[in-house]
Amino acid sequence: MPTLVVEPFVPTFAASDVADLHSRLDHARWPEQETCPLDDDAAEQKSPFSWGRGPSLELMKELARGWREFDLGAAQTRWRSFKHYKAKIEGFTIHFIHERSSRPNAFPLILCHGWPGGFFEFLHTIKGLTEPDDPAAPAFDVVIPSMPGYAWSSAPTTAKWTMQDTSRLYNELMLGLGYDKYAAQGGDWGSITARCLGSLHPEHCIAVHLNYCPVFPALTGESPQGLRLYYNWMPSFVLGAKRQRELENALAYLEKGHAYDAMQMLTPRTPAYGLNDSPIGLLAWIGEKMLPGIDGAEGKPDATLTRDALFLAVSIYWFTGAIGTSFLPYALNPNFLTYLSDPTFHLPNFALSSFPEEILLPTRRDAGKTGALRWYKEAEEGGHFAALEQPKVFVEHLREAMGVLLAK
């Protein structure tokens, strides 16, 4: 294997680009009236990962003002407190954070993000993972790459690029950093990257922790229609109140909340042009996904999924111009569920954290159909952006899970 070429990197937003963003926000062209009347019943069909017909005009104006006032300098100072690098792998430039623990027995861990996330999702977890307060708690050397086409990582230039390829780059990154054995963690598309690492590179990635594993119940045909029939026909006393609510969340997302998924998969170029040119469009597109969680966290002490977290996310997508290429996992991969049903990707040693506001929660039994599930735990709060929403719980779960997986 060639020697990995790694260079320190300081992520920076140019002053001229910041001025341009502020000008665009100041001179946004707003519609004269609400695009879809607010008395439309479908506007209330919300799920943990969607916002009915989309954010209202009033809310969007409020968010635009918030982004305009967002302290980009403070945000840059915060992420510069971590060590950023760029590596050259197979012709790609891969941006990543690499934070080593002070403990000599720390275990290597790669954290894999999805969409519309990024390395920023994990910033609140780094210290807890690398330098836990409890001297008896396991510590980790943490690597957080930006997926190809995200942030400062270069994008694929061929349509023949899948999550298997991304996992190969990540495996080469970990080996190049000197980690022959390591663990992986992932949610959203990051769960597929981590799944590919654990299934295709098991001699190196020896443990996988997921917070997303959307396995449909049996007899549903892995379709929204099948899940709707299952929900309608299954007696509530059989399902139980908790499972009933989980399925209602899943149906709200599948029936009303995943239009973005179809567009990013089938016509990714079309929305990319507008979103790359309009900060308001970008704010609405990404905000729609993060706002339900932000709404749920409002007023809670020490909330980490906040509007500022949204403004940081859209700022990174805006200044790197990566929104279009961030759609490539949708456009270039087979159906997400294929990675769960195909035995090629079944995991030999994995754990699953279940967060109650996730968009599609499997039962422990169903999740176990995708590999050797050795640890499972349900959190009391949190959803799709688990590391960002519940960083302390996320870290606790990860520690517990790795204690089991690495003892195998």
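Positions of Cβ are set from backbone N, Cα and C atoms, glycine also.
Those TrEMBL annotations? Automatic predictions, nothing curated.
Keep in mind it's a predicted model, so treat the numbers as computed, not measured.
Marked as domain 'Epoxide hydrolase N-terminal' by TrEMBL: 7-122.
In this structure, D188 (active site, nucleophile) belongs to neither helix nor strand by DSSP; it is coil. Long-range C-beta contacts of D188 (active site, nucleophile), restricted to its own chain and to partners at least six residues apart, with a cutoff below 8 Å, comprise H113, G114, W115, G117, Y212, H384. Under the heading active site, nucleophile, TrEMBL lists D188.
Positions annotated as active site, proton donor by TrEMBL: Y330. In the three-state DSSP classification, Y330 (active site, proton donor) falls within a helix.
Of all Cβ atoms in the shown protein chains, 26 besides its own fall within 10 Å of the Cβ of H384 (active site, proton acceptor). According to TrEMBL, the active site, proton acceptor annotation covers H384.
There are 18 other Cβ atoms within 10 Å of the Cβ belonging to Y330 (active site, proton donor). For the domain 'Epoxide hydrolase N-terminal' (7-122), the DSSP-based tally of helix, strand and coil residues reads 41 helix, 26 strand, 49 coil.
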